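Annotated features in TrEMBL:
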- 1-26: region 'Disordered' (REGION)
- 463-557: domain 'Ig-like' (DOMAIN)
- 564-658: domain 'Fibronectin type-III' (DOMAIN)
- 662-757: domain 'Fibronectin type-III' (DOMAIN)
- 761-851: domain 'Ig-like' (DOMAIN)
- 858-954: domain 'Fibronectin type-III' (DOMAIN)
- 971-1059: domain 'Ig-like' (DOMAIN)
Amino acid sequence: VSPDRPVWSLGEGQAPEDLDKPVDTPPLSSLLIERPQGGSITVGGDISFVAKVEAQDLLRKPTIKWFKGKWMDLASKTGKHLQLKETFDRRTKIHTFEMHIIKAKDNYAGNYRCEVTYKDKFDSCSFDLEVKELEQSQSVDIRSAFKRSSEGHEDAGDLDFSGLLKHREPKQDDTPEVDVWEILKSARPDQYEKIAFEYGITDLRGLLKRLKKTKKEEKKSEAFAKKLDPAYQVDKGGKIRLVVDLADPTVELKWYKNGQEIRPTPKFIFEQKGTQRIMVINNCGLNDDAAYSVAAGEEKCTTELFVKGTELVGPECGLSTISHSTNGVEVPTGPRSRYRVKSEGLKHWLIIDDASKEDTGTFSLMASGGTSEAKVQEEKLWALALPSVLLLVTSVFFILVKLSSQEKAYSIHLFSCFDRNHRLEIVNSTIHDAGDYTFVPEGYSQSLSLTCFFPCPVPTDPPRVHLESLNFPDNTVTIVAGNKLRVEIPISGEPAPRVVWMKGERVILDSGHRVRAETFSDHTSLTIDIAEKEDTGNYKIVLQNEAGEATASVKVKVVDIPDPPDVPLVTEVGGDWCSMTWEPPIYDGGSPILGYFIERKKKQSSRWMRLNFDLNKETTFEPKKMIEGVPYEVRVFAVNAIGVSKPSEPSKAFVPLAVTSEPTMLVVDDVTDTTVTMKWRPPDTIGAAGLDGYLVEYCIEGTDDWRVTNKELTEKTKYTITGLPPEAKILVRVRAINAAGASTPRTLQHSILVKEVIEPPKIRIPRHLKQTYTRKVGEAVNLVIPFMGKPRPKVSWLKEGQTVDPTQVTIRNTDCDSIIFIRKAERKHSGKYDMKVEVENHVDTAIVDIQIVDLPGPPQCVKIDEVWGGNVALDWTPPKDNGNAAITGYTIQKADKKTMDWYTCIEHYHRTCITITELVVGNEYYFRIYSENMVGLSEGATQTKDSALIVKEGMQLKNPEYIDHDFKEPPKFTQPLINTFAIAGYNATLNCSVRANPRPKVIWMKNKIAIIDDPRYRMFSNQGVCTLEIRKPSPYDGGMYSCKAINDLGDALVECKLEVKVPTQE
């Protein structure tokens, strides 16, 4: 498919410059259980691709994307020709994704990709679609289709539809069926008119249009992915590369020139690059103008190489006018003549097409420098290439003869034969080569021969080195290390000079393995196969011959990527940044350092992250946006014009830490004649480095001499500065200290006068002590009463006007409060305590009322006042000891004389008389009464001395007997457990309800294993509702949970599945 044609008519393909960009994808994991497979369809056909994903372990539907090529997303391209479908089978739990292509077009062919993503999992699959064209029907009767009707017009179109509209009887044609299309395909264009006339085709124009539209089927090569071009052209002295691309890189390859195999030489260099096989022809000459072929196994492809020569214009040539004649008559060389003349530089050919007996005679060539002749006899005819009269010494000269059949001859020097051409070649001709040359075909007499004479002047040319042809500044050749360097320098001189290459005092030989020098007729070359840094330097060329000596030098500069920089040094660290520096690399690769790339990574990780995409010109850098408290490492790459160096060694691990914010709410807590007490609150922001302590400093007002008061850090938020001069004014500041250093100081805005100030005392009674403070006997009493006053007040306590006994009550006084402590309270500790605070002549007092209460005594003198019917009237007096608290009520109980089991009739009764009703007739009762206060019921009760008999009156009622119903039943769950989901980290509960009598024993199980004494589970049972609470479950707590109820009549079991989900972070 052509990359310029739109695919799906949706957009263009990927730009070439984007092909090499890496694509970040997550690591592959197995998600696809069925992958889409490639296929082929014809144009207009339909095809479907199916991908399946198993959802057994997936909590939600995975994401799928369909792509064409490398980046084209097909999700938004659905329409008439493309449809995407998704289905889910709940029974098998398999997601099925389908892509349907409807009525495919030829540009739908190509590579497709399916990508499936679920959280951190990723899977991908590629497949190909091949769209084949419909086979064109060749059943059209070409002779009837392209015959015009008698009424048709000249521009009636490709076919004569006017003839089809008329209902004419077809004529009987006894002509045998002939496939005219095959005849036209194999015929030359100049024969089309003749074939059309022969087979009665009159619409020649329509025929040509139809033939042009017919596509020729090309046989696909099995050995070559790309063959040689039909022809190549190169200038004389230039270099040409012949490239073929193999379908099978392992096949044996051979190159041929005019049918003869080519061996590797300095002129013919063979290279290999992937599946490409390349033959390089250096310093192309006229003798390289030939037919070349390459054979890969049984297949072969051919090409022709045309070497374009340059004419020499000057006194040596003397070619101003050239004409050909036969027997004194000038040969006509027009477009329609059988005689053709071919010229190339100093060489001229006369070619005779369809030679006959009339062409026998003498052919001559006339030029400004002289005349040369050749005879053509009847037996064998050839075309003779006659050179110009004057031949330059050291040039390459040859005589080319074209015979009417394939014969071989023998000659001196270099002779080659191809088809009917025979060539005598004199390489590097000298003065000794001047003379007569005769060509005699084998088997012929001397009379059938060709004789030429070529004079050769004596050379007088000293050696010269033509460095100007290099086109390098200052004759300096720059090569990247690892590449192959070949420097070809033209030279001249007659006779051919001897060439010596030298680097320093070392001579470079042509037999060298990696570095070698080679010399040819017109140039010398220096080859370095794999350039190294040590190859940099000046290379000297020395040329010598009989005419003189010449020297020249070429400078070779091997450039490479620089060495890695030194280990970077982290000089300063902040909360999310650091400052780093490094030294440049010792070796810059022969090219100036353009800048640096910096990378960082977490120490526990192996993934490096690039920090700058623009080169950093300096040797310092400040990485930012790091996570505080996480150790990091950094490294540096050096960059020059050649590339990027290897990374430096990682720096020592460092942890970004930030100092805390300044302390808050710094205030003066107390001032004396020599001390100042300060207090403050912790910083608002502490950070990952934590808080080690605080540093307190002060200075005398008007100076800047800050003095540290605490040599060791204090962790408290209160500190007293001692040893201050009296009546001095000072400024105080506090810093928070952690591993990252000291925070910004919090300074008190105003100065402090070091002088104690008298403050009148004031007692600040707590609210709960402003009323009576009540405690039970045996409990501890601990009261803190704060007060204010300066200097330190004097505190004294009195109880009921008497000094407090220190053996009974413990009193402790501080600068700001007083504490009353009674370890075990007794009723004698009750009373009013007077507190007095004195500062010089100022006094403040307060009263604290403490009440220690106990259980009351029983009531006094409980008696029965009256009995009537089913009622008894009782009367009593309050207890003698109320327990140091008011009596809040009474509890009355009764007992049958027969059993003496006591039952409560009424509680919290406030009066001292009561009537007890609804007593059973015929029973005799005793009564007792408890007294109650805020502590509780009295320990004992007062009982009536006499009993009360309830007399029987009237008829006696006989109660019927009833049979008790049997409520026993085996366990049965009325509400089963339900499959549910839980979120990790949040408590989950499982509930069910069971009915049974007697009460069943409930057992909870996980995966058939009973849950016993596991602190992660709590089990409840209330009114038959059974609950299992799972505290902060994790994914491992998921599974099958069951509840089993057992009693004497049987058991029952219910189960459910619990799945714990981990919340995703968006």
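For all residues, glycine too, the Cβ spot is worked out from N, Cα and C.
Whatever TrEMBL says is automated annotation, not expert-curated.
Remember, predicted model here, so these are calculated numbers, not experimental data.
Scored by C-beta pairs under 8 angstroms, the domain 'Ig-like' (463-557) has its highest count with 564-658, from the stretches 564-658, 761-851, 858-954. Over the domain 'Fibronectin type-III' (858-954), the average per-residue pLDDT in this prediction is 91. Shown for the domain 'Fibronectin type-III' (662-757): DSSP residue counts in helix, strand and coil, namely 0 helix, 45 strand, 51 coil. In terms of DSSP helix, strand and coil, the domain 'Ig-like' (761-851) has 6 helix, 54 strand, 31 coil.
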